[in-house]
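As written in Swiss-Prot, here are the features:
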- 142: active site, proton donor/acceptor (ACT_SITE)
- 14, 15, 16, 17, 18, 19, 20, 146, 169, 170, 171, 172, 185: NADP(+) binding site (BINDING)
- 113: site 'Important for catalytic activity' (SITE)
- 115: site 'Important for catalytic activity' (SITE)
- 146: site 'Lowers pKa of active site Tyr' (SITE)
């Protein structure tokens with residue numbers, strides 16, 4: 001079976017989340033093949049259970065897997081529930097990769113995160129630096145569980161010849177995100193807070209100083225390069241999927257883009273008594289650039305405007 005010409009059954013775990021919905025939209029708009037894409041929801045299968053995972057793989061019979069499912073949360077939830085973040089993600093990842101091997105999946109691409117990189121490091125970080133030191137203490141439960149995917153990918157390849165690899169996106173945002181005020185990530189959390197501040201005619205309070213820097217990638221851009229990785233990337237080592245270092249932006253500037261997009265007229269107040277987390281996690285996308293020379297990304301102003309509009313249009317049903 002050749003990977004690109006034969007009909008494939010591609011299982012996307014975590015298919016109803018932010019990245020899964022981005023991939024679903026991208027595939028609908030661009031895929032001209034006979035591939036069958038299955039976007040798994042958490043209600044379809046409990047990936048923390050080996051038995052449940054096996055029976056789902058038996059039913060779907062995937063030839064390829066994009067593994068997105070994870071227990072995720074924002075800074076404060078990661079700090080509070082380290083045991084749960086570690087154990088649940090270890091179980092999910094172990095079950096998915098074990099079933100990929102058992103059911104002879106041709107290729108599995110898992111999703112990691114830049115928070116897995118060492119806290120004390122040189123910048124920009126690249127794919128070779130993952131295991132050079134401990135991650136930031138604020139999310140070590142989640143980060144160590146995610147690092148183990150890279151360890152398992154190499155082990156499965158060495159021992160069984162499995163083609164398991166991973167990508168490392170920087171901070172993802174876009175439609176279908178989790179807009180929970182304390183448990184979501186920075187952009188969706190700020191969009192929701194701005195919406196409520198406008199509704200209640202209040203000022204907007206932002207946790208921390210607003211100084212930390214991040215590289216943000218729009219979920220639809222990430223979807224394009226995730227599918228490219230599934231079709232074209234042949235290495236077992238992870239691949240960073242990110243905008244360039246020059247596109248790093250402060251949380252304060254992101255907040256301003258959101259308030260502009262939503263036409264918020266109140267004051268921005270930075271609550272400096274709250275933790276900032278890591279100051280920066282600058283990632284290099286040179287490896288991706290070398291593989292995809294015509295790399296393009298949606299401008300952040302446009303993508304944030306689209307994300308804000310999606311939340312306003314879908315306020316009643318959005319995850320929050």
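Every residue gets a Cβ built from N, Cα and C, even glycine.
Taking the features listed in Swiss-Prot, we show where each one sits on the structure.
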{"residue": "14", "record": "NADP(+) binding site", "DSSP (3 states)": "coil"}
{"residue": "20", "record": "NADP(+) binding site", "DSSP (3 states)": "helix"}
{"residue": "113", "record": "site 'Important for catalytic activity'", "DSSP (3 states)": "coil"}
{"residue": "142", "record": "active site, proton donor/acceptor", "DSSP (3 states)": "helix"}
{"residue": "169", "record": "NADP(+) binding site", "DSSP (3 states)": "strand"}
{"residue": "185", "record": "NADP(+) binding site", "DSSP (3 states)": "coil"}
From the Cα of residue 142 (active site, proton donor/acceptor) across to the Cα of residue 115 (site 'Important for catalytic activity'), what is the distance in angstrom?
9
With Cβ-Cβ distance below 8 Å and at least 6 positions apart along the chain, what are the contacts of residue 14 (NADP(+) binding site)? List them in sequence order.
20, 40, 42, 67, 68, 69, 70, 111
Maximal Cα-Cα distance (Å) across residues annotated as binding NADP(+), namely 14, 15, 16, 17, 18, 19, 20, 146, 169, 170, 171, 172, 185
20
Which whole-number value in Å describes the distance between the Cα atoms of residue 16 (NADP(+) binding site) and the residue listed as 'active site, proton donor/acceptor'?
20
What Cα-Cα separation, expressed in whole Å, is found between residue 171 (NADP(+) binding site) and residue 146 (site 'Lowers pKa of active site Tyr')?
15
Alpha-carbon distance [residue 113 (site 'Important for catalytic activity'); residue 169 (NADP(+) binding site)] in Å
6
Measuring Cα to Cα, how many Å separate residue 18 (NADP(+) binding site) from residue 146 (site 'Lowers pKa of active site Tyr')?
18
Give me the Cα-Cα distance between residue 185 (NADP(+) binding site) and residue 142 (active site, proton donor/acceptor), rounded to a whole Å.
14
To the nearest whole angstrom, what is the C-alpha distance linking residue 146 (site 'Lowers pKa of active site Tyr') and residue 113 (site 'Important for catalytic activity')?
7
Do any residues at least six apart in sequence from the residue listed as 'active site, proton donor/acceptor', in the same chain, have a Cβ closer than 8 Å to its Cβ, and if so which, in order?
70, 71, 72, 73, 78, 82, 85, 86, 89, 113, 115
Provide the number of Cβ atoms within 10 Å of the Cβ of residue 20 (NADP(+) binding site), excluding the reference atom itself.
24
